[in-house]
Amino acid sequence: MANHAEKDGHLGPTTYTLACNDGNATSSWNQTGFESYPPDLDGVRQFIHLACAGIGSPLNVMVANVIIRQRRLRNPRNTFWLGVIFCNLLALTNAIIEYVAFELMSAQACIIFRITAGIPYTLILVNLLLATLDRWVALTYPLFHRETVNVKLVVLVQLFFCTLVILLSTFPYWTEMIPLNECGVDTIVLEWTTVVFLSLTLLSIMAQVQIYFKARSCLRKDLTRHISNHQQNRINRLEVEATVTLACGVMSLCFFSLPFSIVCMVDWICRHHQISKIEPLQWCSFAQSALPYLRELLLVHSVYSPILYMIRSREFSEAFRSTITCP
């Protein structure tokens, strides 16, 4: 496989051509989000890639190490977080592959990145949605949750959905519907990834809002059962903590995932306008210019989530101190 790229002489966005296998198959690369293969990383995006990988990888490994080593953290809630942490590491690994594809102009790395580009963050969203569902069951059916939901069940559910996501995401490739001898992106794969990202993001936000109102309702019921001012202050503090936790969860998705998903949908509409030979919409150029940088927010999310977990989880903070003092 030849590992070289040549600049085309066309006007407009910078495009590249990769010769694969015997050089007969070529594909165009441009700067429109997912279709950039290998990604044309400018200085800002290179810095974000390397900074996130350098900071996020040790953070996520440290959190995973504490959860695995500390027996007190072996419960369903922390097991879901452990799944998110592993998915964060996959996303950071995928970013390194993307950087290698750009820096070394490696066709092999480019094809690997092409196949796996949307999988890590899809897994993150799926695990966040499963964790939110677990919280809803714990609040709605507390006795059932205590008796039924355990670490083993959570791991099995995570493995099932992760395997399902990987199989569905790679289905066009292992069934040879899309050839792997070219380093490019298929329009259908791009459209499905856009729909999945937006759907999972909106579902997660709505689920977290529902969890908040459910928790608030439960706290108010408990409040009516106690008369003492001390207990009333305790309940109010718990409600405030629930509000802050919801704000952190929802705002992280609204800031990191939702803008990218929305702009992806706008870009999708623009593509159909171009295919139909309709005059491009005014915001199409903005969407295509912003999309590569909004993708970086998904990578930053893999650094933000372990920090959020360390700050918001008291039991993790105690376990972390215990790990430091008694290694």
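Just so you know, glycine gets a Cβ as well, placed from its N, Cα and C.
Remember, TrEMBL labels are computer predictions, not curated facts.
These features come from TrEMBL:
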- 47-68: transmembrane segment (TRANSMEM)
- 59-309: domain 'G-protein coupled receptors family 1 profile' (DOMAIN)
- 80-99: transmembrane segment (TRANSMEM)
- 111-133: transmembrane segment (TRANSMEM)
- 153-174: transmembrane segment (TRANSMEM)
- 194-213: transmembrane segment (TRANSMEM)
- 244-269: transmembrane segment (TRANSMEM)
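Long-range contacts of the transmembrane segment (244-269) within its own chain (CB-CB distance under 8 A, at least 6 residues past either end) are made by residues 32-33, 121, 125, 128, 190-191, 193-194, 197-198, 201-202, 204-205, 208-209, 211-212, 281, 283-284, 287-288, 290-291, 294-295, 297-298, 300-301, 304-305, 308, 312. Pairs of Cβ atoms less than 8 Å apart link the transmembrane segment (111-133) most often to 80-99, out of 47-68, 80-99, 153-174.
Proximity of distant same-chain residues to the transmembrane segment (153-174), defined by a Cβ-Cβ separation under 8 Å and at least 6 residues beyond the stretch ends, is recorded for 76, 79-80, 83, 115, 118-119, 122-123, 126-127, 130, 134, 180, 186, 188-189.
Looking at the domain 'G-protein coupled receptors family 1 profile' (59-309) alone, the prediction's average pLDDT is 81.
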